[in-house]
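Some notes on the structure that comes next.
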Amino acid sequence: MSDLMEKRLVRKIDRHIMPWVIVAYLLNYLDRTNLGNARTLNNDKPGESLVETLKLAGDRYNLIVAIFFIPYVIFEFPSNIALKYFTPSKWIARIMVSWGIVTICTAAVSSYWGLLICRIFLGICEAGFFPGVMMYLCFWYTPSERGTRMAIFSASIAVAGAFGGLIATGVSFMSGMASLYGWQWLFVLEGIPAVIVGVLIYFFLPDYPETARFLTEEERIFASERMGPFAPKGTDKHFDKADFIATLKSWHFWIFSLQYFLMTNSLNAFGYFAPTIISAMGFKGYKAQLLTVPPNAFAFFVIIGNSWWSDRRKERPRHIIGGLILVAIGYVLLATVKGVGGRYVGTCLIACTNAAVIPFIAYRTATVAGATSTAIATGAMIAIANCAGIVAPYLFRSKDAPHYYPGLWTLFAMLGASVVLTGVLWYKLGSSSEYRLPAKDQSEDVVLNSVPLANEGFETEDREKDNKAVAVQDVDISLREAR
């Protein structure tokens, strides 16, 4: 099939997949982080805010945020294995419907302990959504196509942040209607769409290229074969114990996990505390909610732009480092500038953390092969990284208000460490976005999708430096010739 026909096929896949995952993640992030908007909602009206009605004084809010991530991390680890068995459409639909129901039920809580329990159940229900979608995209897109798609998918975080601010602004005027506070209306109105979209995804989300009904028979064959020998397959439903162990034992699994943990602290800091940071600048009520919109809108374009350029250049580390430096500058501005304007610019910059995260995840998915390795590399890495959700809330303690200097400098140091780890991965794995090849000193009897091929002995590649990067199709041919 020609390049032109392949482009048409990819656009066809985009039309049938991307709208579903974009809307789903927008709702996911909206429901997970609406607590940040709920905290400051109607705080200009005595007795109507979440903090006052549920008595969230001191660091109680921090615990409410952190408790979500304990079950979230525990249940996220095996979720991608379950996705293999139940198929993506059924598993993602189950996650969405269950978290939507819990979000709606949150409106009924009347005490601090009730909210705590709801957050625990929300963590159980939402676990596995993000790594599940990351793995799902690996079934459909080649490594050099993933960065842009993952960026479009993840940029819905920025859209969710912007919509969240607008919705919260509108909901603030509903406080008192039907004897509900504004924060209760927020949970109800943001939970219902998740249930509806979850049901639709169950029936309409395509599972794998091999079974896609919107493709012709010829297109299904090509859509599967163009992925090459390393990509996970929908037909690969068995659990490969050797592959599982090899993935966990590989050095780069732990480097990637540590680095993602460091970056996730910044993601959670903005997601849960952006309204608080803006409120600390002197803005209250609906104005504080509205001012969360521009940083998210700015981040939307930066995230997609950096990830698209990374795909186009077929390069990852430079784009990761560029994104990290941009966000780090934001924390410096927040920590050193006294004026509201400079601090607000800093808030816009820290909203762009996903500009580094998305090329990073795309980089990671090209270092493993097969369904089991991909499931563990994404699921386990993201589960470990989400331990940051337990740490991040305590970087913004009430006693450090209104400037939160200790937390800001800690996050700056974490991003600096991420830059160093990116350099290590760059040195060891090269900068190409393509799947890595086995080192030349490995055995010549290489079997496709074997553990050594997927996880060890990578040969450093960089198309720009030495033009040695090889397309997946060429790898297949060369291996056959070697035999």
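Just so it is clear, glycine is given a Cβ too, placed from its N, Cα and C backbone atoms.
The shown structure was predicted, so the numbers you read here are calculated from the model rather than taken from an experiment.
The domain 'Major facilitator superfamily (MFS) profile' annotation in TrEMBL covers 17-434.
Annotated transmembrane segment per TrEMBL: 63-83 (among others), in sequence order. Sequence-distant contacts of the transmembrane segment (63-83), counting only residues of its own chain at least 6 positions beyond either end whose CB sits under 8 Å from a CB of the stretch, comprise 32, 35, 56, 91-92, 112, 115-116, 119-124, 126-128, 131-132, 135-136, 239, 268, 272, 372, 374-376, 378-380, 382-384, 386-394.
Feature annotation from TrEMBL assigns transmembrane segment to 95-114 (among others).
Taken from TrEMBL, the feature transmembrane segment applies to 120-139 (among others).
Taken from TrEMBL, the feature transmembrane segment applies to 151-173 (among others).
Tertiary neighbourhood of the transmembrane segment (185-205): same-chain residues 17, 20, 23-24, 27-28, 30-31, 34, 37-38, 41, 88-90, 92-97, 99-107, 164, 167-168, 171, 174-175, 177, selected by CB-CB distance under 8 Å and a gap of 6+ residues from either end. Feature annotation from TrEMBL assigns transmembrane segment to 185-205 (among others).
With a cut-off of 8 Å between Cβ atoms, the residues of this chain six or more beyond the transmembrane segment (251-274) that come close are 29, 32-33, 35-36, 65, 157, 161, 292, 295, 324, 327, 331, 347, 350-351, 353-354, 356-357, 360-361, 364, 367, 377, 380-382, 384-389, 391-393, 395-396, 404, 407, 411, 414-415, 417-418, 421-422, 424-425, 428-429, 455. Per TrEMBL, the feature transmembrane segment maps to 251-274 (among others).
Here TrEMBL flags 286-308 (among others) as transmembrane segment.
Residues or ranges marked as transmembrane segment in TrEMBL: 320-337 (among others).
Marked as transmembrane segment by TrEMBL: 343-363 (among others).
Residues or ranges marked as transmembrane segment by TrEMBL: 375-396 (among others).
Beyond its flanks by at least six residues, the transmembrane segment (408-427) meets 252, 255-256, 258-259, 262-263, 265-266, 269, 317, 320-321, 324-325, 327-328, 331-332, 334-335, 350, 356, 360, 363, 395, 460 of its own chain at Cβ-Cβ distances under 8 Å. According to TrEMBL, the feature transmembrane segment maps to 408-427 (among others).
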Quiz prompt | Maximum Cβ pairs under 8 Å to the transmembrane segment (343-363) - stretch from the list 95-114, 120-139, 151-173, 286-308, 375-396 | solution = 286-308
Quiz item: Under a Cβ pair cut-off of under 8 Å, which of the recorded stretches 120-139, 151-173, 286-308, 375-396 contacts the transmembrane segment (95-114) most often?
Solution: 120-139
Practice problem: Using a Cβ distance cut-off of under 8 Å, indicate which of 120-139, 151-173, 286-308 has the most pairs with the transmembrane segment (375-396). | Solution: 120-139
Quiz item: When the pLDDT values for the domain 'Major facilitator superfamily (MFS) profile' (17-434) are averaged, what is the result?
Solution: 87
